[in-house]
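Asker: My structure is below; once you've seen it, I'll send some questions.
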Amino acid sequence: MESIIQQINQLRTSLRHHEHQYHVLDAPEIPDAEYDRMMQQLRDLEAQHPELVTNDSPTQRVGAAPLDAFEQVEHEVPMLSLDNVFDEESYLAFDKRVHDRLKTAEPLTFCCELKLDGLAVSLLYENGELVRAATRGDGTTGENITANVRTIRAIPLRLHGDNVPRRVEVRGEVFMPQAGFEQLNEEARRKGGKVFANPRNAAAGSLRQLDPRITAKRPLTFFCYGVGLLDGGELPRSHIQCLMQFKAWGLPVSERVKLCTGSDQVIAFYRQIEQDRAGLGFDIDGVVIKVDDLVLQEQLGFVARAPRWATAFKFPAQEQITQVREVEFQVGRTGAITPVARLEPVQVAGVIVSNATLHNADEIERLGLRIGDTVIVRRAGDVIPQVVGVVMEQRPDDTKEITFPSQCPVCGSDIERVEGEAVARCTGGLFCAAQRKEALKHFVSRRALDVDGMGDKIIEQLVEKQYVENPADLFQLTAGKLTGLDRMGPKSAQNLIAALEKAKQTTFARFLYALGIREVGEATAANLAAHFRTLDNLRAADIETLKSVPDVGEVVAKHVMNFLSEEHNQKVIEELEKVVSWPEPQQIVVEEIDSPFAGKTVVLTGSLTILSRDEAKDRLTALGAKVSGSVSKKTHLVIAGEAAGSKLAKAQELGIKVIDEAEMIRLLGE
């Protein structure tokens, strides 16, 4: 018995520590999955030994106490958390408990929503006006974050309509879309500031700033999902109708909500959301399942820390703990040196992960990482796995320091780091085999010259056998030479030659993008092509002329000039011009186009649901718009889809007009 008491006490101590790190300091040290595992272990032990349950056990409360830096707020209606299920068997057990308690065998209707991975907040409206916003805190006492929440443009300061209750407390999640998170971290790296491990931490850190002006600059947004206090008014008697009422009041509600009757429909919804998860544009960690009928919710009631009528059906963990075995350094297309951690294989989000990016030397220093450390690895959607933290309490005595190389690990050339840049680069250029390989892979990629069948392994063999040194050499290949490659028969070789022949006919924009000029992406390449129309015009441009193009500032202009003036690049382009051609761009006379988009610089952001992004770009361009990839003072209009992030925030900061996709479709039809 003593060993069980000791085990329970150890779990409670550890859980309290991690609750404080997560809920109060916003500095979690372990993945959610590890916390959930420990909590479940403690619950199981307490269930087996109920006499050992204490009032202060982590199983008997929601979270941790708030900091003293903010005014404390007592929740009139406690903000409880949800119990979790992690597989279909556990979900079916929840479904059975609900049916048993209601004493019914009839299929029940559940409202299924996304489980957002952000920070839970309470919004109190009095006579329709936002008077207070608070964090969940420990569920009973939170922190007053009204000044910060008022800076989030998704949250209305006054509710719409006439049927607003005298007092209503709306609950929801503040979160940061992935695009905004990535830009926030990129800016922080450039300035040597704090880099956040994930969007949830970024949202929490942004909301808990003592200076609301800092919060106002962060790309936060909000979805509501429930109500706490209600006084002087009525709500519908089903949860989904409540969500529709919130929407009518002007509160943002996720579109991915569905009524499901019976467990089969619930599980099908869960599987569909798991499949769609990577394309949402923001982080979720599961699906929330609620009995839709509010009368039935009242009958089911609550346990100590959670409602009986709801559960969170969580996805496989996106973060796991493993150990760093070694660190290697890879060389990219532009010479960027990227440290990569070789890991003890671990399953993350359903995939075995054995490698993870460490980004650069600054990131290694920020993490305080050493070889042999136990680390937290994160994999979200299609994002390359990355190390987001070190578990210092598990550091062994024999860890080794990571030494960043001074010479390229592939070609031996010096590595340099330009002042103000986080990335170190090999100076070998196309002398470096690694850079040659990556430049060629980019040149033949789908959005560049789109050489069908020319995969990475073929490029690697072509370089290793010294058949190809630069993009122009690709068009000198013969079927006979290609049959000398591994797994390349005569038919495959002929198909590849045919694909190369087809790739000779392209567009000026694709050609510029294929060259791989630093920081010239698809949008910038398209803008350069539209502005200069010919390669000769582009070659003749000076810095100031280049800077007049949308998306092109001082840095990009210098990259373009340096690339086009480099002797080796000039020779390669001359050879390519002999074989690659594109039609003369049609001159679009903006004055002759009767369209609200004519002559306007337009930026698309967020997820579009009616048109694909490429379709939207094509239709806007056809009506005389210049579609840019970034927001600046030159931007005339921003079209914001779902989960728009930092670009929307910047547009609002600069006072640029913003419309949604529906308005864009309407204007396209004019």
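Every residue, even glycine, has its Cβ placed from backbone N, Cα and C.
Pulled these from Swiss-Prot:
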type: ACT_SITE; residues: LYS115; note: active site, N6-AMP-lysine intermediate
type: BINDING; residues: ASP32, ALA33, GLU34, TYR35, ASP36, SER81, LEU82, GLU113, ARG136, GLU173, LYS290, LYS314; note: NAD(+) binding site
type: BINDING; residues: CYS408, CYS411, CYS426, CYS432; note: Zn(2+) binding site
type: DOMAIN; residues: 592-670; note: domain 'BRCT'
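A description of the local structural setting of each listed feature is requested, covering burial, neighbours and distances.
Answerer: Following the DSSP three-state reduction, the secondary structure of LYS115 (active site, N6-AMP-lysine intermediate) is strand. Sequence-distant contacts (6 or more apart, same chain, Cβ under 8 Å) of LYS115 (active site, N6-AMP-lysine intermediate) comprise ILE284, ASP285, GLY286, VAL287, VAL288, ALA312, PHE313, LYS314.
Under a cutoff of 8 A between CB atoms, and with a sequence separation of 6+ in the same chain, the neighbours of GLU34 (NAD(+) binding site) are GLN320, ILE321.
Annotation note: CYS432 (Zn(2+) binding site) sits in a coil segment as assigned by DSSP. Within the same chain, residues at least six positions away from CYS432 (Zn(2+) binding site) with a Cβ under 8 Å of its Cβ are VAL331, GLY335, CYS408, VAL410, CYS411, SER413, CYS426.
For the domain 'BRCT' (592-670), the DSSP counts in helix, strand and coil order read 28 helix, 18 strand, 33 coil.
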Asker: Within a 10 Å radius around the Cβ, which one of these binding-site residues has the most neighbouring Cβ atoms: LEU82, CYS408, CYS411?
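Answerer: The residue with the most neighbouring Cβ atoms within 10 Å is CYS408.
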Asker: Can you check which residue among the binding-site residues ASP32, ASP36 has the largest number of Cβ atoms within 10 Å of its own?
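Answerer: It comes out as ASP32.
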Asker: For ASP36 (NAD(+) binding site), which of the three DSSP-derived states applies: helix, strand, or coil?
Answerer: helix
Asker: Could you please provide the mean pLDDT value for the domain 'BRCT' (592-670)?
Answerer: 80
Asker: Go through ARG136, LYS290, our binding-site residues, and report the one whose Cβ sees the most other Cβ atoms within 10 Å.
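Answerer: Result for the most crowded candidate: ARG136.
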